[in-house]
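Annotation comment: Swiss-Prot describes 10-30, 36-56, 58-78, 84-104, 122-142 as transmembrane segment, evidence class sequence analysis. Summarising the annotation, Swiss-Prot assigns active site to 114, 131.
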């Protein structure tokens, strides 16, 4: 029988590979030439040399190593924060699966494969599925932590 830490690790691994696999499959289709255009959203191929909104693109090839260090550092931190990891294995699986997928792009393609271009009413930065999964994972984590704190405060009152 698995203990809760082992169960959380399995959930983390499963979500990690699901997000990583879906992201890489979509990127493969984009790299093979899939395109779409509409009045609101286009699917186009762009290699992002930076991070969000092309920030830090001046770091060029060094950015991927910085990201690896950040991912490894966060993973080591989480392994020491067992309760945090157990409570948020899904969210961390999403963030790590997406993050590793984007870092892999940097090694294989020289930049992150971005493709969703929203341009209805205003131009938004081009992004990908992994970016969305990072945002959703962090957003759910923050919401759950916020509501957990509120619940704890009510119990203490």
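Even glycines carry a Cβ here, placed using N, Cα and C.
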**Study point:** Same-chain residues at least 6 beyond the ends of the transmembrane segment (58-78) whose Cβ lies under 8 Å from its Cβ atoms
**Key:** 49-51, 84-85, 92, 96, 99-100, 102-103, 106-107
Practice item. Please report the DSSP secondary structure of residue 131 (active site), reduced to three states. Key: helix
